[in-house]
Amino acid sequence: MGPRSRERRAGAVQNTNDSSALSKRSLAARGYVQDPFAALLVPGAARRAPLIHRGYYVRARAVRHCVRAFLEQIGAPQAALRAQILSLGAGFDSLYFRLKTAGRLARAAVWEVDFPDVARRKAERIGETPELCALTGPFERGEPASALCFESADYCILGLDLRQLQRVEEALGAAGLDAASPTLLLAEAVLTYLEPESAAALIAWAAQRFPNALFVVYEQMRPQDAFGQFMLQHFRQLNSPLHGLERFPDVEAQRRRFLQAGWTACGAVDMNEFYHCFLPAEERRRVENIEPFDEFEEWHLKCAHYFILAASRGDTLSHTLVFPSSEAFPRVNPASPSGVFPASVVSSEGQVPNLKRYGHASVFLSPDVILSAGGFGEQEGRHCRVSQFHLLSRDCDSEWKGSQIGSCGTGVQWDGRLYHTMTRLSESRVLVLGGRLSPVSPALGVLQLHFFKSEDNNTEDLKVTITKAGRKDDSTLCCWRHSTTEVSCQNQEYLFVYGGRSVVEPVLSDWHFLHVGTMAWVRIPVEGEVPEARHSHSACTWQGGALIAGGLGASEEPLNSVLFLRPISCGFLWESVDIQPPITPRYSHTAHVLNGKLLLVGGIWIHSSSFPGVTVINLTTGLSSEYQIDTTYVPWPLMLHNHTSILLPEEQQLLLLGGGGNCFSFGTYFNPHTVTLDLSSLSAGQ
């Protein structure tokens, strides 16, 4: 890489600091953390989305956890030396000011290193802000050619390139850093921006230079799955590519990396584990109630793709003080794959409107016509709640073709709902239940979609009108992320609506029965233990009842239970399905029953370092097995959450429609085309 290319890339990395600083300011402004200094250090303001807030919150709490563990250990009465904090790539972070205000720097000092331009700008900002100068005390500013940009009794800011370690060591020594003193080295999203050889040299240099130290690292991992690929693509487009992820893709590889570089002990956890194990339940509830939130999939994916690591040298700094082992977050890794389901793109769909949306619903209108409605996606060149309906149809040549239609007439129009359910009542009628317009606005009313074909019976000329169903004052369903399943009791057909969430309740445990013939809500006795509340679960019709699998529970942790609402003489009975081996907890998946087997497709899980494929459960024996999805012939990342799926039992295929989400700060991703899964190996293995 030439000098000019290095300079351009360094500039791009510095730009990530500016964006991060604004996110931290927004985080504090919304009350996630107490940090009055973020607004003083960062000019301007930006209101970030709730998902960004949560991501930066867990990052801030993880770093705070490590810093406090270090200071509490070094601050013990027997400690003789002053503690040192060396923040690498510190940017405009306010750590020094927060520690100074909290009285935690009585026997400690802070050094910060960043690119010269960033360091000078921060030093200037501090110097012109009286509130900050009052905390630093008397200070000096370095000469323009000097690495030292700011110096007070317990705070130094240096402008240095971390790739030039000899100069870094000399400048730190001149600024008073004592390598023999207990030292916390902090690198938040820093090492991954360095070329692999530079990052390796920095880790080894720190191990050799500081005999009594703790090295805390926060950065990205898991580049292999669809979210990881999209994350890598985002940073490449910013001209700040992430390095080293292929060689060190997970926490185990990162542990080995530091141990082999000379660190004596190392512990690391991903951010899902940190959030659930190292934050008190009361604090989690506080954060979860700060502002409306409904992007659980991307929140858990973001946390699965970042880790916090603490590597130590010396007897007084043990990594177990930072991340003690916990049984509160057991790892539940799936069994070794029993087979593979090949995936392929529906080829003929590429020349027609694509189904680029998520949070929608899909249903068969007829054996050769699939309707998808609602969700968030692309429409007329912008991202929005989609109002057009998508049809996937095929002729006698068995090639699927897509088309889009809008509602006709001047009556009821599609209201833009998502996370609703759709049930086919006939070839010309579809029932729409629940959904939301936003996390604080449920979609009101039950809708019926009525379809009319043209005189030549051309599916592409299908017309749709929308009517309100049920009573105008019916407020039974103000929920979303629920399920609707066709069940039967005493020769009567019902729709069983279960779970979900609402504006008032973050997770629901209740259910309702809708009589199909009269479109009236009825009460039917249900016996057995009431299941744990959940949303984003799956539900399938089976033997007149409903199979409920997985979901997200009240603690925002995925569930692994499979339940059967079994018909009995007087109504229904809840039963638990015993599964061996137990399945990995998951949610936001889809499910189907094929030849006495329950298929759980895709979804989100947080208790395993792998990513979900298809779990197959034999409903007779209770035995479960795992199948990988081979995406060799899918030329783009395939995200299997917020999607829908349609089973083609005769062809032994599964159609995967839509899916994706708002992927943290990396942008919104939609699966661009419909994908087919070949399930024939499942029948071959019978």
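Heads up, the Cβ atoms here are built off N, Cα and C, so glycines get one too.
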Original post:
For the S-adenosyl-L-methionine site that Swiss-Prot assigns to R59, D114, D161, L162, E188, which of the candidates G31, G89, G137 is also assigned?
Top reply: G89
Subject >> Secondary structure at R59 (S-adenosyl-L-methionine binding site), reduced by DSSP to three states >> reply: helix
Original post:
Should D114 (S-adenosyl-L-methionine binding site) be counted as helix, strand, or coil on the basis of DSSP?
Top reply: strand
**OP:** Select the most exposed residue of D114, D161, E188, where exposure means the fewest other Cβ atoms within 10 Å, treating these as the binding-site residues.
**Re:** D161
Subject >> Largest CA-to-CA spread of S-adenosyl-L-methionine binders R59, G89, D114, D161, L162, E188, angstrom >> reply: 24
Original post:
Do any residues at least six apart in sequence from R59 (S-adenosyl-L-methionine binding site), in the same chain, have a Cβ closer than 8 Å to its Cβ, and if so which, in order?
Top reply: E188, Y218, M271, Y306
